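Engineer: One structure coming up, written as structure tokens, with questions to follow.
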Amino acid sequence: MPHLVSPDPIRTDAAPYDAVLLLSFGGPEQPEDVLPFLQNVTRGRGIPDERLKEVGEHYYGFGGRSPINDQNRALLAALRESFAQIGLDLPIYWGNRNWAPYLTDTLREMAAHGIRRAVVIVTSAYPSYSGCRQYRENLADATAAVENAPAIDKLRHYANHPGFVGSFVESTAAALAELPEGSAIAYVTHSIPTAMNATSGPDGNGYVTWHLDVAAEITAELERRTGVSRRTDLVYCSRSGPPQVPWLEPDVNDHLEDLTAAGVPGVAVVPIGFVSDHMEVIYDLDTEARATAEKLGLPMARAATPGTDQGFVTMLRDLVVERAAAERGEQPERPCVGKLGPGWDNCRPDCCPALRRPAAGASAPADGSAHQASSDQTPPAAPSTAGPKDNA
Ligand SMILES: CC1=C(CCC(=O)O)c2cc3nc(cc4[nH]c(cc5[nH]c(cc1n2)c(C)c5CCC(=O)O)c(CCC(=O)O)c4C)C(CCC(=O)O)=C3C
Ligand SMILES: [Fe+2]
């Protein structure tokens, strides 16, 4: 795996940026927040009431508080420390899509502080509408709503960066160490509608393709270290939406049943789709999937997410420095593992379009593409470029 490149402490240059913005999902912090939070998340997205009630219970089961905001506070602190270590003098702001501190308020604060140009770290590592474009639409909306809002660039997707992959290599090795010999690895990510995957990334299927590439790299590195090969699968959690709309499968719980039927002696559950142990991890995996594994008598160990892992934090810092250099017209090194090459700096205008919402009174499509995206309905999103994908 390539060595992480940290810049020379004395010459760390952030120009043309004068700030970093950490952009995340947001979560409730007390029981009264849960319903309004869920309304923010699902407004206009066609999530059945039944599912909302169920997800509300997941939050109430944890005292009405998601750990995600505290995890972002910890990440902010770790990033500030990491910046200070190399003399990178750049303020770091934090805003969320669905809960306070809201992105628009943060941009307003940045404008008031005279910030002209910022680079954005999103707490989502892969291409898809939900994980990329939706955040870019939120940035476009917030920018339009705020006078003198800073110009915004978003970091390339970092799932195949050695800092991200390396963090999961370590946590997967630790999980496997707790399990019987011959245990399998179940890589897990958030399910999305299959139609959303179909239009993810500049060439389609980017969501699944990137996850498979990351999973293959983790598997290969563990094999190199131990000489042991084992069963691995990519499976999904947190399915939502109406039952008639197809989402990516198999669900992690069904997969645990399959593994048991296949006689596998244990499973390391590795949440490569997530950067911290938020509700999808502590409920969907640590509560629900663990209960399934216990019922089946299948030993299970869950690998840690990157969180504030040093390699992960250093990677984010390196990506800020890398992007600043690229924007100055330099040709920075772009560390990356796997087959796909480094992510693009700017998304193409048609990258990860929004799903067309179901509408009554339309004739049935001949090709089954009722939920396919259509670029004529795609709202503006920042930042993007009119040129081809920038893979330099
Ligand atoms: C790809 C993806 C990521 C990973 C990338 C990223 O991290 O952004 C992610 C992360 C998260 N999703 C989260 C929470 C929720 N997601 C929901 C609903 C949905 N997620 C979707 C996709 C994703 N989601 C989709 C296609 C929907 C259907 C509705 C729609 O089309 O938008 C709902 C509604 C209820 C339900 O139906 O489950 C909730 C409450 C939290 C916060 C956790 C916490 O509070 O600790 C986080 C980090
Ligand atoms: Fe979600």
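Placement of Cβ uses the backbone N, Cα and C atoms for every residue, glycine included.
Heads up, TrEMBL stuff is auto-annotated, nobody curated it.
As annotated in TrEMBL:
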- Ser66, Tyr135: Fe-coproporphyrin III binding site (BINDING)
- His190, Glu280: Fe(2+) binding site (BINDING)
- 355-370: compositional bias 'Low complexity' (COMPBIAS)
- 355-392: region 'Disordered' (REGION)
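How buried are these features, and what lies next to them?
Structural biologist: There are 23 other CB atoms within 10 A of the CB of Tyr135 (Fe-coproporphyrin III binding site), with all protein chains counted.
Taken residue by residue with DSSP, Glu280 (Fe(2+) binding site) is part of a helix. All chains included, 22 other C-beta atoms sit within 10 angstroms of the C-beta of Glu280 (Fe(2+) binding site).
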Engineer: Within the chain of Ser66 (Fe-coproporphyrin III binding site), which residues six or more apart in sequence place their C-beta under 8 angstroms from its C-beta?
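Structural biologist: When sequence neighbours closer than 6 are ignored, Ser66 (Fe-coproporphyrin III binding site) has Gly27, Pro28, Glu29, Tyr59, His278, Met279 within Cβ distance under 8 Å.
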Engineer: Just to confirm: which same-chain residues, 6+ apart in sequence, have a Cβ under 8 Å from the Cβ of His190 (Fe(2+) binding site)?
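Structural biologist: In sequence order, the residues whose Cβ lies under 8 Å from that of His190 (Fe(2+) binding site) (at least 6 apart) are Ser130, Tyr236, Cys237, Ser238, Gly273, Phe274, Glu280.
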